[in-house]
Structure formats: C-alpha cells, structure tokens
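Engineer: Here's a structure for you.
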Amino acid sequence: MDLWQLLLTLAVVGSSNAFVGREAVTVTLNRANLSLQRVNASLETNSSGNPKFTKCRSPELETFSCHWTDEGHHGLKSTGFIQMFYTKRNSQEQNQEWKECPDYVSAGENSCYFNSSYTSIWKPYCVKLTSNGGKVDEKCFYVEEIVQPDPPTGLNWTLMNTSATAIYGDIQVRWKPPRSADVKKGWIMLDYELQIKQTNETQWKMMDPVTSTSVPLYSLRLDKEYEVRIRSRLQNSDKYGEFSEILYITLPQSSPFTCEEEFQFPWFLIMIFGIFGLTVMLLVVMFSKQQRIKMLILPPVPVPKIKGVDPDLLKEGKLEEVNTILAIHDNSKPQFYNDDSWVEFIELDIDDSDEKIEGSDTDRLLSSDHQKSLNILGAKDGDSGRTSCYEPDILEADFNANDGTSEDVQPDKLKEEADLLCLDEKNQNNSPCDAPPDPQQALVIPPEEEKPQPLLIGKTESTNQDAPNQISNPISLANMDFYAQVSDITPAGSVVLSPGQKNKAGLSQCEAHPEANFVKDNACFFKGDAKNPDVMTPHIEVKSHEEPSFKQEDPYITTESLTTAAEKSGPPEQSPSSEMALPDYTSIHIVQSPQGLILNAAALPLPDKEFLSSCGYVSTDQLNKIML
C-alpha cells in the first residue's frame, strides 16, 4: 500500500501543472521523503523477520515495562504471533520456569507491563521474545539498573537581584520531583541536571548535578531570553530520564530604554600601549647607559701585568728600571745559592736571658784558665750584618758614639787602617820566617808566647787583667781548643763557640817568636740588649815584637786581615809529637739550631801561592785562592 502511495506521489511531482510555485514543490518533496522512510523501515523489518527489545524501564523502582519492535505484524491485534516470557533467576533452582507477560495492554502496543506484584528488586530478571514458538530475542537485567525517572514538573523561576548597572540579574529556578517517584518517603533518591541556553543559541549549557529541587543562576543578561530544562536520574546511576518541559525566562528591565551592551574596559589596548611604552623606556636606558651595561654583561678581561710595574716600561724596553722595581719586592728577589758571588749573611735569634741563666757552657768556659777576655768591640747588628758590610761609615760613626773614648785615639786607628791596606809588602820584608808557611802549620800561634784565645765575647775583663795569665801559662797553648761552632749565647748576649780538635803536642816557633797581637775590636758580637749595640773600648798592648793586627774599624774579616795573618806567622818547626794544625773556618756547613753553626774547613795555603794584596772585602776569587 505504501509503495503505491510513493509511486503516486512521484507521478504528481513530475507533473508541472499540478502545483505552481516553489513552496508547492517543497511540500511535495517532504511528503515523498516521509513515504520513502516508511517503506525502508518496512523493508528492513520484513527482511530481518525477528522482533527485538528496544528498552526496559522502571520509573520509580516499583514497576517496570519492556518494549519491542514488530513492524511486520503492525495493525494486528492478535498476540498469537509474538509472545514475551520472563523468569526470575535463582542460583538454587536449576530448572527455571518461564512465565508469559502478565499485561500486554497497560504499557502500550508491543510492550509488557509488570506491576508491583511482579516486581522484585535485587533479583535478576530474564525476558525473551518468541514467534510461533521460537525464541527471537532475550535480555537479562536488574530492576535498579533500568530505572529512568519521569521528568520533573512544576518548573518556575524567581528574580533575586540585579546589578548596579541594571545589566545583569540573578534568578533561582525551582521544580518538583516526578509524580511517580516516592521521593518523600525516601524509597528513591534522585539527582537533577539543569541545562540552560539563550533562545537564539543551539548549544545547551549543563550545570552540575544537584540533589535539591532548586538551582540559582547568576549573571544573566536582562535584555536576553533564556530557556531552561531539567532531567533526573537515580543516584549513582548514569541513565537519565526524559527532559522536562522547557521553561522560558525573560528578565524585566529596570529602565524604559533598551539595555545596551555592557561597556567593556579595553584591557587589550592598555596592555599593548603599556608594552610599547616599556619597550621605548628600556631602549632609552640601554642607549644612555650603554657603556655601563656593557661592563655588567661583558666585563673586561684584565690585562696581564706585574704588580708594581708600569706596563709602559715593558713596552718601551726599559729593563733597568724594571729590574730595579722587581728588586724592591721580596718575592722578586733572586735566591742565593752556595755558588753565588753575593755575600751571605747569618741571622741569629737571641733567646731570652731567663732561659740561659743556669747550666750554660759559658760558665764552664769562663771559670777556668781558658777565660780570656779579649774585650772585643761588640755591637748588635739588627739587620744581620747588612749595614755593617755595606755601610761601614755608619757603623764606624755608631761605634765612635757608643765607645765613649776620647778623640785622641782616632789618629792611631787611622794609622793602623792605613797599615792594614797595604800589608803585603811590609809583611814580606819584615816577616821573621822567609819560608812559606807549611800547609799544616799555617795560621798557628806559637805556644810559648801566648795561648790561642777563644772567641768568647765578654764585656767585663780587660787586657791588663789577662796579661799575667797569658805569660804565666805558656804550655796551655798546645792544649787549647780551636772553636768552630756556636754552642751557646749567654744571658748577657755573648756568643760562645764549641771546642774543636785539640792540639795536644807543642808546636815549634820561629826564631823571632812573634806574638800575635789581636786588636780586640776586630769582631762584631751581640749583646743582651738587641736594640742597643754596645762597643767596648779596646786596650791595645804594645809588644816588643812585630805582630799582625786586624783592622780595628771593620768588624768583618777582610782579605788584608787574612793575608797579613798568613804572612806574619812563620813556619815553625813541627814537634814530632804534635798533630796537624787546625785551619781557620770560612763558610757555614750546617745550621743545627738558631745558635748552632758548623763551619766548613778551608784548605791551607800552598807554598807556591801568593796572597793578593787587595783592599776591601773578600771576593769569591780571592777567597778561593786563600783556601787553596
């Protein structure tokens, strides 16, 4: 029948004289489309030939109904062709009995209704469709899983307040639960979802589900019209029921004029202009402070230079000035080695006088016949001999100031200094022994005249008091010690040397028997007070024989002193029982302690070597010639 209607409609559309105008053609096409849809549905149903369940629904958790499709038997009121059976599954019953639908009419066509007498919760149901005794579809479910409440009813809204600009308003929407749901007694608990949109919009805005029957809506435009709809679901379920009827909301305007669009502050433009202004200011600051910013971002690399040295001197090549500047700094001074030609100075640390009161070697040496007070000129040099060596004039002035002697002694000193400068010729002509000294007996004083005096620096004994002891003890020279090492410093600041090898046998003397007259101001020594160097006035004793003398003003051993001493001492005949004479010591070997020094023995002069008659300090070449 439907097919014949479709063919008739197409025939009518094909005739151009039947309808006039575009509207008539549109209506005809719509009718033809509906007819084709019906024919297609009939063809699909008839082609499959099997009815199916469409849905099973419980509106209030007390009753439920199931619906199915049967287009092939449309219009037939007899139920003999399609039947629905149900059963309640029970794990204890193995053979379950299927029962036919209790009501085919109450829920509508092609449906089965189960009232409260046939409905049980917490139990599974299974339903099936049969056609002419054969099963065509089957479905199992729980009643609480198919709950889809009816739509809420009684929707209305209330205006709560409006904004000060009369542009926005707040409302509250209320509704009632579904009539079929027993919400008051608590048999069922529902959640409600509200959806809202403007009238001219197509997209609904969903609100969060609530359990109450009222929802506030804020900031609604007063010049707009809104649509609201609500649906419900069982709590903890995801199946919503049908939507309620649409509620139309039109907010009243407070002024007779049409509400215009709200004035929006131009934040975007302000941000653009602000960024532009900040950029301009930053560029201005960068250009004005370009050098300083460059120094902060890229600090300059420091130029390599020597502290205290002007780099212009290095560029100009003035090496003499650079060397002078480097010599001022201690860390730039060259180190002295043993083979260096520079003079090495000895620095002695003087201990407290309280630490040397008892048990010192000085008391032992000064208590016996070995006590010989040379009354040597003493002065403590605070710079370890630098001033006395390089500035002899200053030291002589200090000695004269501290000496306390009269100015009558100065001509004698100058005369002796002149004699010391050129002693080579005098000593060669006036030497009591013309033969060159024996290497083993050089620089040895005859034992009969005077015993060798230890280099003991004292300050109280005089030459007049020691003269009887020197004459009365002529044999003690053989047993006297040479002192080669500093062993102690007395509380008064005097230096005591340690004894060396003894000469046990007596030494023969020259025929002239010269007596070595040592001037007592030919050595520097340190007193107890390091700040006030004292100078002892020498007492020169006139001897009958010509004696080698040392320079009085110079506190250090010079070439002339060594040369004169070597030439004046004759080659005495060695006793058979005597030992080899000890040489003088000229250099430091080991520093054992701040007060202990071991000196290296210098080689005795050979017979064929001649001493240089140079004036001044001992140079390296002269010292090597003396030591050979």
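Just so you know, glycine gets a Cβ as well, placed from its N, Cα and C.
Swiss-Prot lists 1-18 with the feature signal peptide. The topological domain 'Extracellular' annotation in Swiss-Prot covers 19-266. The N-linked glycosylation site feature in Swiss-Prot is assigned to ASN33, ASN40, ASN46, ASN115, ASN156, ASN161, ASN200. The motif 'WSXWS motif' annotation in Swiss-Prot covers 240-244. Taken from Swiss-Prot, the feature transmembrane segment covers 267-287, and the record attributes it to sequence analysis. Taken from Swiss-Prot, the feature topological domain 'Cytoplasmic' covers 288-628. Residues annotated as motif 'Box 1 motif' in Swiss-Prot, with similarity to another entry given as evidence: 297-305. Per Swiss-Prot, motif 'UbE motif' is recorded for 340-349, and the stated evidence type is similarity to another entry.
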Engineer: Taking Cα atoms as reference points, rank the glycosylation sites ASN156, ASN161, ASN200 by distance from ASN115 (N-linked glycosylation site) and give the first.
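Structural biologist: So, spelling it out, the nearest of the glycosylation sites is ASN156.
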Engineer: Check the glycosylation sites ASN115, ASN200 for other C-beta atoms within 10 angstroms of each C-beta and report the one with the most.
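Structural biologist: Answer by Cβ density within 10 Å: ASN115.
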Engineer: If you measure ASN200 (N-linked glycosylation site) to ASN161 (N-linked glycosylation site) at Cα, how many Å is it?
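Structural biologist: ASN161 (N-linked glycosylation site) has its Cα 24 Å from the Cα of ASN200 (N-linked glycosylation site).
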Engineer: So for ASN156 (N-linked glycosylation site), how many other CB atoms are inside 10 Å of its CB?
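Structural biologist: Result for ASN156 (N-linked glycosylation site): 12 neighbouring Cβ atoms inside 10 Å.
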Engineer: Near ASN161 (N-linked glycosylation site), how many other Cβ atoms are within 10 Å of its Cβ?
Structural biologist: 9
Engineer: Taking DSSP three-state, what's ASN161 (N-linked glycosylation site) in: helix, strand or coil?
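Structural biologist: Looking at the DSSP assignment, ASN161 (N-linked glycosylation site) belongs to a strand.
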